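Asker: The structure under discussion is supplied below as structure tokens; questions concerning it will follow.
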Amino acid sequence: MSIVALLIGLGPLIGWGFFPTVASKFGGKPVHQIIGATVGTLIFAIILAVVTSSGFPTGTNLLFALLSGAGWGFGQIITFKAFELVGSSRAMPVTTAFQLLGASLWGVFALGNWPGIGHKIIGFTALVVILIGARMTVWSERKEASNAKNLRRAVVLLLIGEFGYWLYSAAPQATSIDGLTAFLPQAMGMVIVAVIYGFMNMKAENPFRNKITWLQIISGFFFAFGALTYLISAQPNMNGLATGFILSQTSVVLATLTGIYFLKQHKTSKEMVITIIGLVLILVAASVTVFIK
């Protein structure tokens, strides 16, 4: 692995690792966050399409790319709602675990991954380890009823949001276009969902006139940077799909730690140790699910 490939492979660490923290730092409600983030992603995607002349898909390729982006928009709205309940440092490991679980199960039952009994035993064991790791990251010494209730609500929300993230990753598999070509219509699908959600919240306030909404465009740049560098990293002449995926998953570590330290989402020393162990379990088990394909 060259230095250039490694640096590109760690791009998602920066983009996706800082995205939830930046979005939370700017504040606002989920409606402000999703509109700003998706507009930022769309701006990034338009510039990228112009610079690379990547073309624009049509027909079913366009439809599935739009559906993919719409799925992400739905999933991210739900995730932002979970941030309100438990903070990004607790929500991110859980949503990452659910996404790994969903992608792996889809790969096994729809795409024929993990052939043979031995691979399936290893794979499903790894999924159990991922869930154990996620549970460890949200463990708390304080057994307050309100905290437990908020955590349960957040987990349910994130489980629902996984359907959107699953669509985000699964829909492009029905197309004949590469990730770079799909990026712009995906961003359009994200914005469509965000705008619809914005209009659904118009009775409370007009989110399109709130300055926080447009400040959140910066958070969208972080997400888009992570997505772009992942697409490049996954190319065979760079890191390849398996290594690129594993490098991208390190973003959950940065997202969790920046949430704790930058957003002051306090954890005790014991909670920190257990959280770190949980994150390591998630990363190691995620690596296993990739290499047994």
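Note that Cβ sites are derived from N, Cα and C of the backbone, with glycine treated the same way.
Note that the coordinates shown come from a computational prediction; the quantities given were computed from them, not determined experimentally.
Below are the features listed in Swiss-Prot for this protein:
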type     : residues : note
TRANSMEM : 5-24     : transmembrane segment
TRANSMEM : 34-51    : transmembrane segment
TRANSMEM : 58-80    : transmembrane segment
TRANSMEM : 95-114   : transmembrane segment
TRANSMEM : 121-138  : transmembrane segment
TRANSMEM : 153-170  : transmembrane segment
TRANSMEM : 177-199  : transmembrane segment
TRANSMEM : 212-234  : transmembrane segment
TRANSMEM : 241-263  : transmembrane segment
TRANSMEM : 273-292  : transmembrane segment
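How buried are these features, and what lies next to them?
Answerer: Remote same-chain residues near the transmembrane segment (5-24) are listed as 33, 37, 79-80, 83, 87-88, 91-92, 216, 218-219, 222-230, 232-233, 238-239, 243-244, 247-248, 250-255, 258-259, 262-263 (criterion: CB distance under 8 Å, separation of at least six residues from the stretch ends).
Cβ atoms under 8 Å from those of the transmembrane segment (121-138) belong to residues 86, 90, 93-94, 96-98, 100-101, 104-105, 108, 113-114, 151, 256, 274-275, 277-282, 284-286, 288-289, 292 of the same chain, restricted to positions at least 6 beyond its ends.
Away from its own ends, the transmembrane segment (153-170) comes close to residues 67-79, 81-82, 85-86, 90-91, 94-95, 98-99, 101-103, 106, 110, 186 of its chain (Cβ-Cβ under 8 Å, at least six residues beyond either end).
Here the transmembrane segment (212-234) has Cβ contacts under 8 Å with residues 5, 8-12, 14-19, 22-23, 26-28, 31-33, 35-45, 48, 179-180, 183, 187, 240-241, 243-245, 247-248, 251 of the same chain, all six or more residues outside its ends.
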Asker: Please determine whether the transmembrane segment (241-263) and the transmembrane segment (273-292) are in contact (criterion: at least three Cβ-Cβ distances under 8 Å, sequence separation 6 or more).
Answerer: yes
